[in-house]
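Asks: Sharing a structure, written as structure tokens. Questions coming.
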Amino acid sequence: MNQTSMSASEFVLLCTIDSQKKNYAIAILTMVYLVTLCGNFLVILVIAMHPHLQKPMYVGIATLAVIDLVGSTNITPKLIAVLLDWVAIPYGPCLLQLLLVLYLGAVESFLLAFMACDRYVAVVHPLRYSTLITKRTVWAASTLLHIVPTAFIVTHLVLITELSFCKTNILNYCFCDYSSLGKIACNENPKYFVILSIASFVFGVFPIAFVLLSYARIAYAALKISSVDGKRKTLNTVTTHLLVVGLFNTPLLISHMLTGVGVKLSTEAYNTLIIVANIVPPMFNPLIYSFRNKEIRSSILKLFKKSA
């Protein structure tokens, strides 16, 4: 590679994984992707076909399934191609992948916070649920869900178009990433990473804190429920929803926290954590949120019985 002056017409993705593990990784990623597609598509289909499921909670689950479908399709096929040594990616598709990763991650983070709010109202204020969670509330939340992430994406896009590349066109990463592009740019400016720190707080720390506080309040309310069955169902909901949040955020938090306290992760270990954070949750979300839900599960069974 020319390390002094080059066109940014394409980048090379250097996904550092042991060569002996590549075949296993490709097989696992292919299986995970197929399961993700089938599971999330089935959830969307069932909720769309049954009017009684088109309530705020289920609309949130369907939206999460759409995000997971698009997010997996944005990353996994290219990741498999990189492991098969098709490592070059043109500037345009790289930019699109990068922006989709940022946008979908931000939207999902806000969506999980909204779903936590919906469950909070349902458990803590059940008699006021129909007046608080209305179609107007859902539309307002949906608008906020897209406007705020879009504003940050536009800001990132403006900053990225200012970047020029003269060191290398090799990204030491498994897919196109904002911070990786910033590291190989000629014009190293702190503002490129300040906006990333702000985004991490707005779409990372704040939603997680909101979700944890909401579910702590729900758990406290559940302990006061006299019915053992009601208490079990409420705590079960809290546990499963927190599992989704944990799957989505824990690998990213571990990688950033370890790096922040001076622990130097190997490139392979860092890439593995990022892959897990982006690939595993979309596969498990239908199992955690949907297939364990009695109404969705019975609707799926009816669907298969009709098609049999």
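Heads up, the Cβ atoms here are built off N, Cα and C, so glycines get one too.
Here the structure is a predicted model, which means the values were calculated and not measured.
Not my notes, these are from TrEMBL:
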{"type": "DOMAIN", "residues": "39-289", "note": "domain 'G-protein coupled receptors family 1 profile'"}
{"type": "TRANSMEM", "residues": "24-49", "note": "transmembrane segment"}
{"type": "TRANSMEM", "residues": "56-75", "note": "transmembrane segment"}
{"type": "TRANSMEM", "residues": "95-117", "note": "transmembrane segment"}
{"type": "TRANSMEM", "residues": "138-159", "note": "transmembrane segment"}
{"type": "TRANSMEM", "residues": "192-216", "note": "transmembrane segment"}
{"type": "TRANSMEM", "residues": "237-258", "note": "transmembrane segment"}
{"type": "TRANSMEM", "residues": "270-291", "note": "transmembrane segment"}
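What's the neighbourhood like for each of these?
Replies: Residues of the same chain lying 6 or more positions beyond the ends of the transmembrane segment (24-49) and with a Cβ under 8 Å from any Cβ of it are 17, 58-59, 61-62, 65-66, 68-69, 72-73, 76-77, 79-80, 83-84, 279-280, 282-283, 285-287, 289-291, 296, 299-300, 303.
When Cβ-Cβ distances below 8 Å are used as the criterion, the transmembrane segment (56-75) is approached by residues 33, 36-37, 40-41, 43-44, 47-48, 97, 100-101, 104-105, 107-108, 111-112, 114-115, 118-119, 122, 133, 137-138, 175, 278-279, 281-283, 285-286, 289-290, 293, 295-296 of the same chain, each at least six residues removed from its ends.
Taking Cβ pairs closer than 8 Å, the transmembrane segment (95-117) reaches residues 57, 60-61, 63-64, 67, 70-71, 74-75, 78, 89, 141, 144-146, 148-150, 152-153, 156-157, 160, 175-178, 181, 199, 202-204, 207-208, 210-211, 214-215, 241, 244-245, 248, 278 in its own chain, all 6 or more past its ends.
Sequence-distant contacts of the transmembrane segment (270-291), counting only residues of its own chain at least 6 positions beyond either end whose CB sits under 8 Å from a CB of the stretch, comprise 15-17, 29, 32-33, 35-36, 39-40, 42-43, 61, 64-65, 68-69, 71-72, 75-76, 79, 101, 173-175, 240-241, 243-244, 247-252, 254-255, 259, 297, 300.
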